[in-house]
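One structure is given here, and the rest of the page talks about it.
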Ligand code: NDP
């Protein structure tokens, strides 16, 4: 039996597309010594057995792991202090990297994957960004978005206090440490109704859906007026057909609408580079994945 050197750990895990994505990346470097032992598989961990599963994987020679639902927060706690800045800010780990001394470092590549995908469509510098949602995915996106030097960053959430908490705990301290000043605002969905936005003149150039409303087929209670004339709408969720949020954006007249498949491939590319030192070409893999779903 060949032991995998890299895995994606989750529960459930059979649906994960990560093995296909990483196999496609590795194929781009077929003759490179860094991928000569690159074997990537799914690894199902019992709900109460994350750390035991990682330990057994490490004992068998494991070099790196992606972590997915529901273990990202547990992985964050499990690595202790061996965290990158972006993983610490995210409060979650989606990538584990085995260090030379055998210890594991926890990183979070989700936000970087999102930004890399956004940059394929729009320059984020100087843009007014609105992030919808204040859960784990939104939290992980904050630092990578701020690093792009937008004009402003607003977070709107069904529970507005959670949006405020994200800004207070993650965005504001980071900006303070960088000595950068940038308008931040926490909003509720009531602030995004047409009449409020029109009266306020507060439109957005980039609107990112990081809520799980699309998963349930639900529309978000937001007005059409939130989108500026050249706005980009991004849904972290992806699907074979149009997602509910992107349908909403289309009806609001938004021309550029992008789903989260590129974020998925992008976060994997970041992890692949962390493990191998090689930067894969995302575009052909994304196109191939699009044909698969
Ligand atoms: P969480 O459960 O951590 O957060 C869910 C968020 O959605 C909360 O802000 C919650 O608001 C909000 N929400 C849920 N239902 C509704 C609703 N009906 N109306 C309005 N707001 C709602 O989820 P994650 O942050 O982990 O994931 C969010 C989305 O991002 C999912 O669709 C997920 O698939 C996607 N994602 C995509 C990735 C990719 O690679 N493409 C990677 C990671 C996530 P409240 O706080 O009020 O409950």
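Using N, Cα and C of the backbone, Cβ positions are placed for all residues, glycine too.
Automatic prediction, not curation, is the source of TrEMBL annotations.
Of the residues 41, 127, 203, 267, TrEMBL places 267 in the same shikimate site as 16, 17, 18, 68, 94, 110, 238. Taking a Cβ distance under 6 Å to any atom of ligand 1 as the criterion, the binding-site residues 18, 110, 134 reduce to 110, 134. The number of other Cβ atoms within 10 Å of the Cβ belonging to residue 238 (shikimate binding site), over all protein chains shown, comes to 19. Within the group of binding-site residues (18, 94, 157, 161, 267), the Cβ with the highest number of other Cβ atoms inside 10 Å belongs to 94.
Between the binding-site residues 16, 159, 16 has the most other Cβ atoms inside 10 Å of its own Cβ, all protein chains included. A coil conformation is recorded for residue 157 (NADP(+) binding site) in the three-state DSSP classification, outside any helix or strand.
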